[in-house]
């Protein structure tokens, strides 16, 4: 894909790493800024859960359309349009907990815009990245989510304290605008690969949106080709696809519950403010960043050195990641110090990120041409997990208060963390039984 000292695909992957970082700075930033504003306004936990989960309704609606759009018009263009939409929304929406309707509409818009991003990313990666680099490329790209979350946890509480909650929105809009300019300036579609192994492996121009024009016929010396029909029925009926879907649901259930409710757990459950925790509060997400890249390197090493097959590599990393994460999640409410809670949440999120070298890369193993479509389907399930998990957590905490349990009591939080822990065990078993690393869609 290029013989230069710094191949173009590396720049594309790096820009998408920055993309995911900025997206998660926005998500963590809203959670921090809104929590501070809502607590100051006396908003109850159930109402907070509703607002925090609104984003995921919009996000769920645009996952499959995002995969379709990336397939039809190209992930590069869809990424740029998505970023511009959510950045403009952040720039012009006031963060006022008493203006519920405005906040709901704004979070729906941001959710819809960001819902196009990850299917587009997987479409671009499938076009640019050869099979032997997929694990570490996907892991590096998605690890930007965790670096962004950790940087958000580190810097944004101080920004809220000194400049107010609205300043977070403006900072996020500025970051989005800067990334859009970089992507517009440097992103490109992949060059045509003439190497037969590249074409057979399924990457490069062979995965770009197909247009049967006489111009292409003249340039490439081939007959015009119609855009292939997306095999929706085969996708829906495929057991390996369902293995990815189930694990995506569980991964995001655990991630979104911790992302949206860890600030509340520290402040009300352990009675320590985020400002007092200093840089330590970024450790769970920094751990995700490290373990995500470790998982990608290990997976590519196993595959390229033929230590394990692609199928066995995916299953091994997915199982180890999810089982260790389940144990850490279920132990979390019994650690009653900030250090203990940080340790458990760091282990849980770190090993969940390790598991992404299993299920999250599997989209491109089984269907490189339709990676964006399948990512959209599985990410819809992950988004539903955000809707269910974030809202359910607020209801569980309100139920605990109604049962006269103080939120400093570990029993108030047991079910909050046991649910994703048990889901991790179930999902790892499903992936172990149903998944494959073989290409099953042409």
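From the backbone N, Cα and C atoms, a Cβ is placed for every residue, glycine too.
TrEMBL entries are annotated by machine, without manual review.
The following features are taken from TrEMBL:
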- 12-439: domain 'Major facilitator superfamily (MFS) profile' (DOMAIN)
- 6-25: transmembrane segment (TRANSMEM)
- 78-95: transmembrane segment (TRANSMEM)
- 101-125: transmembrane segment (TRANSMEM)
- 137-156: transmembrane segment (TRANSMEM)
- 168-188: transmembrane segment (TRANSMEM)
- 241-262: transmembrane segment (TRANSMEM)
- 282-304: transmembrane segment (TRANSMEM)
- 316-334: transmembrane segment (TRANSMEM)
- 340-359: transmembrane segment (TRANSMEM)
- 371-392: transmembrane segment (TRANSMEM)
- 412-434: transmembrane segment (TRANSMEM)
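For the transmembrane segment (6-25), the most Cβ-contacting stretch among 78-95, 137-156, 316-334, 371-392 is 137-156 (pairs under 8 Å). With pairs at least 6 apart in sequence, the transmembrane segment (78-95) and the transmembrane segment (282-304) have fewer than 3 Cβ pairs within the 8 Å limit; the two do not touch.
Where the transmembrane segment (371-392) meets the stretches 101-125, 137-156, 340-359, the count of C-beta pairs under 8 angstroms peaks at 101-125. Between the transmembrane segment (412-434) and the transmembrane segment (316-334), the number of CB pairs under 8 angstroms, six or more residues apart, is three or more, so the stretches are in contact. Among residues of the same chain six or more beyond the transmembrane segment (241-262), those with a C-beta under 8 A of the stretch's C-beta atoms are 27-28, 31, 52-53, 56, 149, 235, 284, 318, 322, 325, 329, 345, 348-349, 352, 355-356, 358-360, 362-363, 366, 374, 377-379, 381-386, 388-390, 393, 416-417, 419-420, 423-424, 426-428, 430-431, 433-435. At the 8 Å Cβ cutoff, the transmembrane segment (78-95) and the transmembrane segment (168-188) share at least 3 close pairs (sequence separation 6 or more) and count as touching. Predicted-model confidence for the domain 'Major facilitator superfamily (MFS) profile' (12-439) is 84, expressed as mean pLDDT.
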